[in-house]
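Below is one structure, written out as structure tokens; comments come after it.
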């Protein structure tokens with residue numbers, strides 16, 4: 001599929017683009033002329049299909065008013081379940097195990113409220129010190145709601161190098177006092193993929209429920225939840241899945257737990273045929289829809305309709321194949337062109353451990369990111385010293401990767417970054 005072996009030339013980049021089986025999808029996206037967008041791991045670009053589905057849902061409001069809940073091309077009342085079914089193949093789940101609902105953080109609160117049942121000596125939640133802050137805030141909050149002290153009952157696995165986690169260390173931390181585990185599938189800084197299959201098996205061997213935050217993996221790597229028997233998962237849809245800023249998130253619950261009442265119940269937790277009976281006793285849905293809380297945010301959900309059509313056409317296996325190749329290409333090019341400028345590669349080099357973005361460490365990272373933006377390359381800064389670059393399989397080209405590395409080389413060689421302050425903006 002892709003030209004080998006690596007060559008650091010512009011011509012090689014063009015050859016790779018020529019052989020790219022996914023190249024036709026680039027025209028599906030709005031790409032600003034003169035800009036190389038390498039921040040799809042924070043916010044994916046708008047596609048024409050996502051735009052169309054948003055406008056379609058707006059038109060249904062205009063056309064049907066209240067009847068839009070049951071009329072039109074995409075009736076709102078069933079939309080969350082429909083999109084959950086379309087998302088299920090991306091995580092290797094059954095259609096009824098996936099639901100599009102809430103936000104990442106509200107969904108964390110939901111699954112923790114549902115699965116965290118401290119009793120006896122099992123009172124602690126296991127997480128890690130490198131996870132995204134919102135996960136920790138939610139876990140601390142849920143522990144306090146149980147009348148417990150987060151300082152004592154939230155265990156965070158330490159990193160040996162400040163970048164990655166050892167699965168052996170995580171397993172060693174699965175002690176008899178652990179009631180629940182929440183871990184990232186892919187670390188948001190270093191892009192390390194955790195071995196979800198192994199960790200799930202080890203947790204279950206010890207009688208512990210385990211779930212994963214998929215924000216940096218869904219739409220980028222394949223998942224096999226049915227095979228792995230993961231208990232629950234949550235994710236956002238606005239990164240690799242291109243659902244737009246504030247796009248509605250997703251939630252997975254293993255079907256073996258469908259008899260478990262949601263920790264946070266609401267009107268849309270109800271079975272559809274019972275919802276408008278207006279009873280004060282909840283008859284929960286017999287699928288992942290039970291873990292919805294409130295009325296779905298229809299207009300924030302709409303772009304995902306078109307976006308998931310693209311993923312169905314492209315196929316997650318093909319997307320992963322290109323992602324691995326284009327990130328490997330970028331790593332090779334960085335090593336070839338930037339080795340004299342003080343950069344350290346912070347993400348794993350092994351294919352099976354590397355997610356969809358590159359993580360460079362540099363003491364001047366914040367001002368380097370500003371210089372890149374000034375030169376038309378959109379990166380992502382992560383404190384304290386990280387530059388994240390995400391060549392997304394659906395819409396980035398090898399030519400863009402080559403150009404961005406050459407721009408970065410010029411910035412470093414000419415010390416252009418020194419004209420900027422070495423501190424982050426309000427939104428990094």
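Placement of Cβ uses the backbone N, Cα and C atoms for every residue, glycine included.
The following features are taken from Swiss-Prot:
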- 104, 105, 132, 133, 134, 135, 213, 216, 238, 267, 295: pyridoxal 5'-phosphate binding site (BINDING)
- 239: N6-(pyridoxal phosphate)lysine (MOD_RES)
How far is it from residue 104 (pyridoxal 5'-phosphate binding site) to the residue listed as 'N6-(pyridoxal phosphate)lysine', counting Cα to Cα, in Å? 12
Compare all C-alpha positions of 104, 105, 132, 133, 134, 135, 213, 216, 238, 267, 295, the record's pyridoxal 5'-phosphate binders, and send over the largest distance in angstrom. 30
Show which residues of the chain containing residue 239 (N6-(pyridoxal phosphate)lysine), separated from it by at least 6 in sequence, have their CB under 8 Å from its CB. 40, 41, 42, 43, 44, 215, 216, 218, 219
Under a three-state reduction of DSSP output, how is residue 213 (pyridoxal 5'-phosphate binding site) classified: helix, strand, or coil? strand
Quick check on the binding-site residues 132, 238: which one has the highest count of other Cβ atoms within 10 Å of its Cβ? 238
Through the lens of DSSP with three states only, how would you label residue 104 (pyridoxal 5'-phosphate binding site)? helix
Under a three-state reading of DSSP, tell me whether residue 239 (N6-(pyridoxal phosphate)lysine) is helix, strand or coil. coil
Within its own chain, what residues at least 6 apart in sequence put their Cβ under 8 Å from the Cβ of residue 134 (pyridoxal 5'-phosphate binding site), listed in sequence order? 104, 105, 108
With every protein chain in view, how many other Cβ atoms are within 10 Å of the Cβ of residue 104 (pyridoxal 5'-phosphate binding site)? 22
Looking only at DSSP and grouping its letters into three states, which state does residue 295 (pyridoxal 5'-phosphate binding site) belong to? coil
